[in-house]
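**Q** Feature list, courtesy of Swiss-Prot:
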{"type": "ACT_SITE", "residues": "CYS50", "note": "active site, thioimide intermediate"}
{"type": "ACT_SITE", "residues": "ASP57", "note": "active site, proton donor"}
{"type": "BINDING", "residues": "VAL72, GLU73, SER74, HIS91, GLU92", "note": "substrate binding site"}
Amino acid sequence: MTPELNLKSLGAKTTYIFEYNSQLLEAFPNPNPNLDPLITLECKEFTSLCPITSQPDFGVIFIRYIPKDKMVESKSLKLYLFSYRNHGSFHESCINTILLDLVKLLEPKYLEVYGDFASRGGIAIKPFVNYAIKEYQEFKEKRLLNAK
């Protein structure tokens with residue numbers, strides 16, 4: 001029997017929000033908190049707007065995390081990332097905000113966000129940021145040294 005999860009997005013009619021909204025994120029209890037899986041989530045169609053020119057920016061967002069007590073619900077993550085569509089922000093700021101919002105929601109053991117943005121003006125921007133609780137600081141440092 002499936003426990004009551006109180007999720008708002010999964011299984012419901014989808015309402016798309018076109019402006020950044022961290023309240024779209026939802027979590028559910030980690031069914032195996034004693035394990036340390038490294039979970040990878042990939043959003044191949046991330047878009048936001050340049051805060052200066054209002055031109056669209058396109059990228060692939062990679063989120064990797066080791067959950068503690070909560071895991072992110074994937075449809076809510078999709079809607080959250082979609083909410084950046086009309087949000088004006090630099091690539092680095094988007095990646096930092098995604099990390100901070102997920103850390104606040106999940107309180108994970110470890111979490112990283114990497115953005116692989118399409119070139120504009122011949123330069124591709126690929127920001128990486130990570131977070132770890134005290135027991136995972138060494139892992140965090142190694143991941144930072146080996147970031148894409």
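Cβ coordinates come from backbone N, Cα and C, glycine included.
Keep in mind that what you see is a predicted model, and the values were worked out from it rather than measured.
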**Q** Look up GLU73 (substrate binding site) in the DSSP assignment and reduce it to helix, strand or coil.
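**A** Reduced to three states, the DSSP call for GLU73 (substrate binding site) is coil.
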**Q** I need the least crowded one of these recorded positions (CYS50, VAL72), counting other C-beta atoms within 10 angstroms of each C-beta.
**A** CYS50
**Q** List nothing but the one residue from ASP57, GLU73, GLU92 whose Cβ has the fewest other Cβ atoms within 10 Å; the candidates are the recorded positions.
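**A** Among the recorded positions ASP57, GLU73, GLU92, the lowest count of other Cβ atoms within 10 Å belongs to GLU92.
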**Q** Between SER74 (substrate binding site) and CYS50 (active site, thioimide intermediate), find the distance joining the two CA atoms and give it rounded to the nearest Å.
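**A** With the alpha carbons as reference points, the distance is 26 Å.
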**Q** Inside 10 Å of the Cβ of SER74 (substrate binding site), count up the other Cβ atoms and send me the figure.
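**A** By my count, 12.
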**Q** Which of the binding-site residues VAL72, GLU73, HIS91, GLU92 has its Cα nearest to the Cα of CYS50 (active site, thioimide intermediate)?
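**A** Going through VAL72, GLU73, HIS91, GLU92 one by one, the closest to CYS50 (active site, thioimide intermediate) is HIS91.
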**Q** Taking Cα-Cα distance, which of the binding-site residues VAL72, GLU73, HIS91, GLU92 are within 10 Å of ASP57 (active site, proton donor)?
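**A** Matched binding-site residues: HIS91, sequence order.
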